[in-house]
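S.K.: Sharing a structure here in structure tokens format.
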Number of protein chains: 2
Amino acid sequence: MMAEEIIVYLQREGASRGRTTGPSSPSRQRALAGTCPDPSLDSSPEHREYRARGRPRMKTVIVVHGGAWAIPDMLAEASMAGVKNAAWAGDAVLKNGGSAIDAVEKAVRSLEDDPSFDAGHGAVLNIDGEVELDSIIMDGETLATGAVASVRNIANPVSLARAVMEKTDHVMLTDRGASMFAERIGIPIADDLVTELERKDWEQSSSFPVGVEKFFNTQWGHDTVGAVALDSLGNVACATSTGGIRNKMVGRVGDSPIIGSGGYADNRSGAVSCTGHGESILKVTLARLILFHMEQGKSATAAAEASLQYMGERVKGCGGAIVVSSTGDWAASFTTPCMAWASIKEDVLHCGLNPKEDFTERLK
Amino acid sequence: MMAEEIIVYLQREGASRGRTTGPSSPSRQRALAGTCPDPSLDSSPEHREYRARGRPRMKTVIVVHGGAWAIPDMLAEASMAGVKNAAWAGDAVLKNGGSAIDAVEKAVRSLEDDPSFDAGHGAVLNIDGEVELDSIIMDGETLATGAVASVRNIANPVSLARAVMEKTDHVMLTDRGASMFAERIGIPIADDLVTELERKDWEQSSSFPVGVEKFFNTQWGHDTVGAVALDSLGNVACATSTGGIRNKMVGRVGDSPIIGSGGYADNRSGAVSCTGHGESILKVTLARLILFHMEQGKSATAAAEASLQYMGERVKGCGGAIVVSSTGDWAASFTTPCMAWASIKEDVLHCGLNPKEDFTERLK
């Protein structure tokens with residue numbers, strides 16, 4: 001269900017919101033922060049259009065990833081097909097004049113629905129054999145953001161994260177609170193997230209450390225999905241979603257739903273979605289680090305590579321990142337053995353899986 | 001209970017860890033990240049001592065805060081006494097040759113135990129009348145960090161966060177998982193965290209938005225506590241702990257336990273603990289932003305003030321931060337009406353509550 005559909009749900013069903021706080025309008029957000037109005041914070045479509053007048057239309061960009069890890073041969077083809085589908089889905093939103101935030105949500109939902117990836121359907125199991133999902137979404141225009149952590153039985157955590165952003169006064173809800181909110185706004189329970197393959201792999205796997213060692217060297221683990229986009233009005237956005245690492249402790253949260261680590265978006269620099277060893281990404285706040293490098297003049301590729309190299313040197317962690325700058329410069333970089341990724345800009349699709357791979361297709 | 005005491009608990013009680021992953025030694029952390037050994041990651045006391053040879057002993061610094069908000073007159077005296085006690089507690093650790101991480105844990109435990117502050121005893125209640133606590137601790141030498149979010153019935157979340165850092169392969173545990181871990185390592189349940197005053201205030205308060213509006217303008221809300229320290233070996237650390245905002249949604253997580261937002265520590269620049277409007281702090285990853293400014297040459301005060309001003313301009317949020325650089329430069333800055341803070345460096349205690357206030361006491 002898209003966030004728009006959730007709103008329809010609420011209107012149609014007249015769902016009682018109980019003690020949930022109401023929709024978070026810009027004026028209400030200002031009241032919450034106890035400060036004076038700032039018109040630049042109004043993100044209504046009319047106001048976006050107003051502000052866009054006189055600005056040149058940007059060439060749109062979407063970049064997606066399906067996780068940085070040692071992707072086994074048996075999953076290579078499905079992973080490539082999955083990231084290309086997601087890029088097409090996001091690109092279609094942008095081509096129709098949709099916003100960057102709509103595009104990244106659409107792309108990540110496509111990856112969550114694809115059982116080849118460790119997010120939504122296809123998520124890995126924690127040490128107790130449960131699915132616990134994390135996600136973040138962020139709007140680079142206003143820095144508005146929403147995230148959920150350790151939420152169970154939700155098919156599309158990215159849309160729940162968006163609902164946190166748009167329908168509450170908060171940024172992040174966890175576990176029990178995230179589930180209560182999902183139920184309150186009418187998101188159905190999904191009890192079919194676990195694939196047969198994952199159940200089998202989980203039963204065969206022993207303890208978490210073995211899982212993580214193998215995670216970077218064999219076919220035993222999966223990883224995060226994500227998307228970044230630049231829309232025609234020059235706004236950027238990011239979204240990230242994951243089931244985490246197989247055999248993780250109950251309640252473990254990695255980088256994915258953490259602002260500045262799993263993702264960050266700011267029109268003044270660009271948008272990033274990260275993947276890889278979550279605990280390492282957190283320690284260096286990888287997404288924010290990449291954007292700091294870009295603020296200081298580095299290209300998207302140079303910023304991503306410098307930050308991943310720093311993470312390797314400082315905390316010995318591997319990972320990957322997709323990046324788009326607010327001028328349309330983009331990158332897909334990784335220090336893991338593989339990362340499935342795809343991008344579309346000016347009707348040209350790029351994609352790859354192994355290091356230095358860059359296949360190109362011209363779209364009609 | 002200090003982290004050391006938790007270890008004793010484990011040894012004494014021979015507590016079964018079930019499927020919990022074991023202590024996270026440096027070699028194991030390396031194996032997890034799938035990379036080669038790096039001696040600089042060894043944080044054992046012997047290794048710290050080895051590396052410290054030849055380095056000049058640093059003059060130690062501790063800075064603490066009791067939250068940036070509109071502190072009412074009735075709490076002013078208790079708040080000042082509380083932050084001074086916490087600074088003394090942290091300073092005593094440092095004077096005895098203790099580490100920065102021990103000092104910030106000790107200082108924050110002192111604030112958590114003081115019912116004047118919104119952390120541990122004295123925490124505010126969520127919309128369902130429950131205490132949900134968040135905390136982070138971070139070691140600037142190794143970037144090792146631990147955090148807990150939405151954990152209930154724990155007197156000292158900062159020590160649970162430290163246990164996550166030292167006894168698991170993870171960085172963050174939430175809600176149910178954090179409680180399971182606390183139980184497994186023998187941390188007792190605390191059912192006396194709610195003060196009579198808080199119960200009364202919660203009953204009188206209506207919905208969250210009213211609470212937050214008042215939070216910045218009247219006596220209706222509390223806020224976070226935190227500490228930063230520099231030890232004699234030149235290592236920095238930070239810790240932050242909170243009960244959040246009264247009437248928050250169940251499962252709401254603000255900035256406090258989020259790396260880069262509620263706190264960050266890095267020997268290459270310094271350590272920061274933040275407080276204020278959590279959702280605003282998250283949007284600008286305030287702690288990391290302050291340290292980026294310092295990496296580019298700004299003083300602790302200039303970096304904190306520039307970052308708080310940016311937060312005010314960009315997302316209209318108010319807050320405060322305490323900072324120590326790895327050379328001993330320190331700051332306590334805020335854009336809220338008040339922030340109770342105290343620092344000790346070279347036997348001189350500074351403290352304040354209102355803007356531009358700086359009382360000085362020479363310690364014997």
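For all residues, glycine too, the Cβ spot is worked out from N, Cα and C.
A TrEMBL annotation is a machine prediction, not a hand-curated record.
Sharing the features that TrEMBL gives for it:
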| type | residues | note |
| --- | --- | --- |
| ACT_SITE | B:T224 | active site, nucleophile |
| BINDING | B:R252, B:V253, B:G254, B:D255, B:T275, B:G276, B:H277, B:G278 | substrate binding site |
| COMPBIAS | B:18-28 | compositional bias 'Polar residues' |
| REGION | B:14-53 | region 'Disordered' |
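If you look at the structure here, what lies around each of the features I listed?
M.R.: There are 34 other Cβ atoms within 10 Å of the Cβ belonging to B:T224 (active site, nucleophile). DSSP classifies B:T224 (active site, nucleophile) as coil under the three-state reduction.
Within the same chain, the residues at least 6 positions away from B:G276 (substrate binding site) whose Cβ sits under 8 Å from its Cβ are B:A68, B:W69, B:D223, B:T224, B:G317, B:C318, B:G319, B:G320, B:F334, B:T335, B:T336, listed in sequence order.
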S.K.: May I ask you to pick out the binding-site residues among B:R252, B:T275, B:G276 with a CB closer than 8 angstroms to chain A's CB atoms, ordered by sequence, or 'none' if no residue qualifies?
M.R.: B:R252
S.K.: Could you tell me the maximum Cα-Cα distance in Å between the residues recorded as binding substrate, namely B:R252, B:V253, B:G254, B:D255, B:T275, B:G276, B:H277, B:G278, rounded to a whole number?
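M.R.: Looking at B:R252, B:V253, B:G254, B:D255, B:T275, B:G276, B:H277, B:G278 as a set, their Cα atoms extend up to 16 Å apart.
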